Amino acid sequence: MQGSFQEKQALDDIFSQVKDVEKQMFDVILETFRKEKVQDCIGYLSNNGNQKQLEQQFLQRFNLISVEMEQKLHNFRNKMKQIIDGLKKIKDHDFNKKDYSDEKNYQTIKQLITILKEKRQMIEFLLFLVHLTSIDNTLIQCGSNSIYLLVQMNVDLRYKNFENIKVSNTSLVRANFFSCDLSGSEFENVNISGINLNCAKLFHCKWQNIRVDQLHHLKGHLYKVKQISFSPNGTMLASCDWETSFRIWDIKRGKKLSIFYSRGIISMCFSPNSLNLATYGIYLNIWDIKRGKIISKLNYYNGQVIRYSPDGTTLAFDYSNLIILWDVVKRQRKFELYGHDRYVQSICFSPEGTTLASGGEDRIIYLWDVQTGKKKFILRCYDGEIASLCFSPDGTILASGCNQIYMWNIKTRKKIFRLMGHGNYVKSLCFSPDGTTLASGGDEDFMRLWEVKTGQIKAQLNCNTSIQSICYSPDGSKISFNGVKSSILLYDAKAIKTNTQLKYHRRVFIEFFPDGKTLMSYDKSLHIWDVQTGKEKFELNNQAKTANVICLSPDGTILATNEYRSILIWDVKTDGQAKVANSICFSPDGTILASSEKNSIFLWDIITRKQKFKLNGHTKDVNSIEFSSDGTTFVSSDDDSIRLWDVKTGELKFELNGHTQSVCSICFSPDASTLASGSNNNSILLWDVKTGKLKFELNGHTQSVCLICFSPDASTLASSSYDDTLRFWDVKTGKLKFELNGQYVCSISFSSDGTTFASSYGNSIRLWDAKTGKLKFELNGHTQSVCSICFSPDGSILASGSYDKSIRFWDVKAVNPKFSINKNSDRVWQVCFSPDGSSLASVCDDNYIYQWDVNTGNLKSLLKGHNNFFNTICFSPDGTMLAVVSDYSFIFIMEAKTGKCLFKFEGHDGNINSICFSPDSTQLASGSYDKSILLWDVKTGQRKTQLNGHFYCINSVCFSPDGSSLASGSWDNSICIWDVKTSQQNAQLNGHSDCVFSVCYSPNGTLLASGSYDKLVILWDVKTTVQKSKFEGHTQAVNQVCFSPDSSKLASCSKDMSICLWDVKTRQLTSQLFGHSSSVRSVSFSPDCNILASGSDDGSICLWDIAKGQKIQDLDKFCEVIPTKFQNPIKTFSLYNNDKFVIPHTKLLISQDPILQAQGAFIFNGEFSTHLNTDLQELFKQKGSQILENKFKLFQNATQN
C-alpha cells in the first residue's frame, strides 16, 4: 500500500513540474522531431545546439519586443529543463513499464485522475506523451498509459490527428476517436471494445493481438436465426433460419464460406470430424460440407432437435414424443426411446457418449443408456416445459432450462442450484469447455453467464433480441449467439466482463438542457449526462424510479418529476438532491409549476413553494398541460375538452369544444398566438389563443393524430398519425403543404433554425428538408425502435433515445468525406442492360448501384442509397427509368440518367425478391416473401392491385411481351400465369420438384422458361401451358434464366458457378461458360444479342462474347493509385435527391454495454487481427466501414462524366 502511495506521489510530482508548459511549446518540439526524424527524444532535447534551434523556432511564432523576447526565452529555457527532467523521470518510472489499465492499478489510476482533473493543463502533457510514441520507441508504454488516462478522464479526443502513434498493453474501452486520423498507427495487445471509430481514417495501420468483445457480426440470413453451432475443429460456424437456408462461416475472417438452400431447418449439428452437418426440421438430411451435397436423407419429418454422439457413430433426434437413435455407419435405426408423452424439445449426449438426456413439454427429463436404449432414471421439473439441456464437460452436472435454470448432480440425481432471473423460457444453455461458466438465453433480450461453482451470475450482455441459440467454441475463447435483424454475433468469451448493476430499462426518453451541454434521460430512473464526454454526472434512481412525467426549468437548474401522488423538485446543481414535493410543468420564466391530479390542476409558486391556484372544471382526468411561450396562458385537456386559463388570475378564459372524440395532443405555437390540438377523430384544430375561436380545421389523416409540433417560426405545423403519414400544414392558410407516406413515428422535432425536421421511424431516424419535404438522410445505428429525439439548442446535434437502452448523439452538420470509390466487393445480386445496350447496371451488397459503359468497361456512375443496400434492379423498356429494391423492403423508381428519385413504393409485408416493368413502362410488378404480387402504376406511384394464389414466397415475376399476362415462380414449386387486366389466375404450371427461382418470357411471346432449385430448366408453351422441353446441364440450383432478344438463345446461371447457353430451336446446349469462382446469380443479354453479362457472389461481373463463348473482360478491377485526399472522382447521385453527400454518424454513444462503432471509417492497406487470430477488417466492414482495396482503377472518363 505504501509502495502504491509513493508511486502515485512520484507521478504526481512528474506531472506537476510540467503543468505550466504551453501547448505551443509541445507543438514546436513535436514538429521538430518529425522534421529531423528524431528517434531519441531525451538525447535530442539535452543537446544545447538543438535547444537553441528550438528556441528560435518557438520565438518565430510571436511578434515580440526585445524585453518580452528575453522574458519569453527565460521561460522557454526553464520549461525545457522541466520537460527534459520530466521525460527522464517518467522513462524510468513504472508508468513506462507497467500496464496501468490492469485492475491491480485501479486505485492508483483513480487517485491520479482526481489530481489531473484539478489541473487540466496537464492534459497537454499527456497528449504530448501519446504523440512521442510515434517518434521514440522507448516511450511507448508511458504514451499508452497516457492515452488510457485521457480516455478515463473523458477528454474530448474527437477530430484529432493521431498519425503513426504506437499503443501497446492497455485498454481503450469506450474511447471516442470520432473523425480522427489514426493512419500509420500500431496497436499491440490493446482492448478496443466499445471504441468509436466513426468517420476515422485508418490507412496503413498495423493492429495486432487486439482484444475486443465483439469479434464478428455475421449478416446474410433473411429470417431469424434458429440455431448456431461451432464445428468441432473450431474453424467454422454453422447457422440456420427457418425459411430459406443454412450457412457455413469462416470464423477467422468472419466471411460466409457457403450457403445451402433448404427450408424449415430448426436444428443442426456438426459431426465430430467437422466434415458433415446434420439438419432437421421439415426434413432430416446429412450434408457433405465440402461438396455442398446431401449424402443421406432419412424419412423423418417435422423434428425439433438433432445431435451427434461424441464419437460420431450415433445420431439422436426427436420424432414427435419419441427419440430415435440412428446408426450413422450402418445407416439404420438402433433404438426407439419411449417415455415422453408429449413433444420432445431438447436432447443432449453426455461427454463420454454413454448417456443421452431428453426433455420436453411433459416437464420430465429422461436419462437413457445409449448402448442398450434403456431408461436409466428420470428428473422431474414442475416449473415448466423443458426447453433446453446441456451436460457439463466432465459429465457430472446437467443443466436444464424452463422459465428457470436447474443444475442437477448426475450421481445423486438432486438439484444443486436453482438459477433465478429469466422470466420466460430459457431456450439455450451451453457450458464453457472448462466447465466454470454456464451461458443461458431465452425470450428476454439478454444473455447471462453464470458461475457454475456458486450458481451466481457473472455477467449479462444485452442483446436487443430474444436468444434462440448460444454456443462456445471448442477452445472456449469465443461465444456466439443470434443477434438482431437475422444476424449472428461472435464475441470474445473472456471479454464479457462482470456487470452487477443489471439495468433492464425498456425505453429511453431524452431532453437537452437549455445550455445544450447537458442531456437528461429517463426510463425507470433519471440520468444527467455530459454531452461532450458522454459521462454520467449523476443518477436519480431512488426517489424517481416511478416517474413517468418530467420537466426542466427554463434555466436548467431545477428538475421536476412526479412520484405517485406527489411531485419532486430536484436541484440539478447539487447532484440531484430532492428539496420539496411540488410540481410538473414549468412556466417559461421558471417561477411557476403546474401539475395535474385526476381532473384538477394545481399552479405552484416555486419561490414560496406554495399553491397559487387550484383549477377545477374538467370532468375527466387531465391528460395534457402546457404553458404558452409568453407565460400568460395555460392550456389543459382531457378526453372531451380543452381549456385555456389565465396564469395570473387562475381564471378560465375559454373552453374549446370542437373535437368529437378524445384529444390526443396539444401544442402552442412559438409566438403564443395559436393553439393546435390533435384528436382521435383524425382531425387537427387550430385555435386563436386571444379569442378562443376556431381558426382552421385540418382534415386529411385517416386515423388518430398522435403528435403535433410547430416549426420555430410558427409558419408550419407537423402532424403524425397512426395512419402512417406525416403531414406538414401551412398555419396561416390551414392548407396542406406536403405529405410523407409510410411514416409512422414515435417522436418528431424541428431544428432550431426550422430548416430540418427529424422523425423517428422504427430503428432509424429520418431528417427531412422542412421546406420541400424531401428526405435528406437516414440515421441508422439503434437496434430497436427509437422512442425519443431532440435537437440541441444550436441545432448542431441530434440526440436519440431507444428501446435498445442506448442514447446516441448525431453530428447533424458534419459532412462525410466525399469518397465514393468502391468495387463490387461482395456478391453481385443482379445485372441488367439498358434498352439501348450502351450501359450495364449492377447491384451488390455495398449500398451502391453501378452503371458501366459496355463498350469500354469503364464505370460511368454510382448511385448511392445511404445505408440501404440493393438486391434487385431493372431498367424500364423505354430506358428512362430504373427500378431498384432496397433492403428487400421497398422499391425506388428513379430517372436513369440523373438518379433522381421519382417514387418510393412500400406495401409488401415481407422481403421483395423480384421486380419487372411492363413492356409499355407504365406498370411495375413486384413479388415478395409475403406470398403476394403487387402491381404498381409507375406514372402515379400508386398501387393498382394485389395478386394472391401462391402458397409460399414469390421468387420471380415476368410480364409477357404484350403486357397482357404475368408469370410468377414460387417456393411452392409452381408457376402461375396471371391476367393483368382482370387480376385473375389463368393457369398453374407444375413440373419442377423444388422451388422455382426464375421465370422469363421469350421476346416473341411463344415460350416461357423457368429455372429451379431442382437443377432443371424447363420450357413451356405459352398458349397450351404444356411443358415442351427439359434442359439438364447444371449440377446445382438454377438461379436465373434469360432469353436473348431474338428468342433464339436461352441463358441460365447456377450455383455451380457456370452459365449454360441453350439453342431454343434444337434444345441443345451450345456452350457452358466458366469464369466465376462462386455462385452466378444473374445473367442479361445485350440488345444486339452479341454480349452476355453475368454477376456472381464472387463480387465480379463478366462480359462474354456469345459467338466465341469467351470472356471479354471483368468489371471488377480498379487502378493503381489511391487518392491521398478524400475526393469524389466518380459521378454520384443520391436516391434522396440530396445535392450534398451528407451522412451523419454517431459522434457519441451512451450505452450500458460497450458497442464498437466504425461507420464511415476508411480503411486502406492495413492489418487488423485479434489475439484470437480473427480478422477485424471484416468486423469493421460489418459495422459500416469502407474497406479500400490495395489497388484501384480510377477510370479517367468517369471523372469527366
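Cβ from N, Cα, C; glycine included.
Curation plays no part in TrEMBL annotations; they are all automatic predictions.
Source: prediction; values computed, not measured.
Per TrEMBL, the features are:
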REPEAT    218-259  repeat 'WD'
REPEAT    337-378  repeat 'WD'
REPEAT    615-655  repeat 'WD'
REPEAT    656-697  repeat 'WD'
REPEAT    698-739  repeat 'WD'
REPEAT    779-813  repeat 'WD'
REPEAT    821-862  repeat 'WD'
REPEAT    905-946  repeat 'WD'
REPEAT    947-988  repeat 'WD'
DOMAIN    952-1106  domain 'IFT122 first beta-propeller'
REPEAT    989-1024  repeat 'WD'
REPEAT    1031-1072  repeat 'WD'
REPEAT    1073-1114  repeat 'WD'
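Long-range Cβ contacts of the repeat 'WD' (656-697) within its own chain (Cβ-Cβ under 8 Å, at least 6 residues beyond either end) map to 623-624, 626-630, 632-633, 635, 637-644, 703-710, 712-714, 717, 719, 721, 723, 729, 731, 733-734.
Contact count against the repeat 'WD' (905-946) (Cβ pairs under 8 Å) is highest for 218-259, out of 218-259, 337-378, 615-655. Assigned with DSSP, the residues of the repeat 'WD' (337-378) fall into helix, strand and coil as follows: 0 helix, 23 strand, 19 coil. Residue counts of the repeat 'WD' (947-988) by helix, strand and coil are 0 helix, 25 strand, 17 coil (DSSP-based). Mean pLDDT of the predicted structure over the repeat 'WD' (989-1024): 94.
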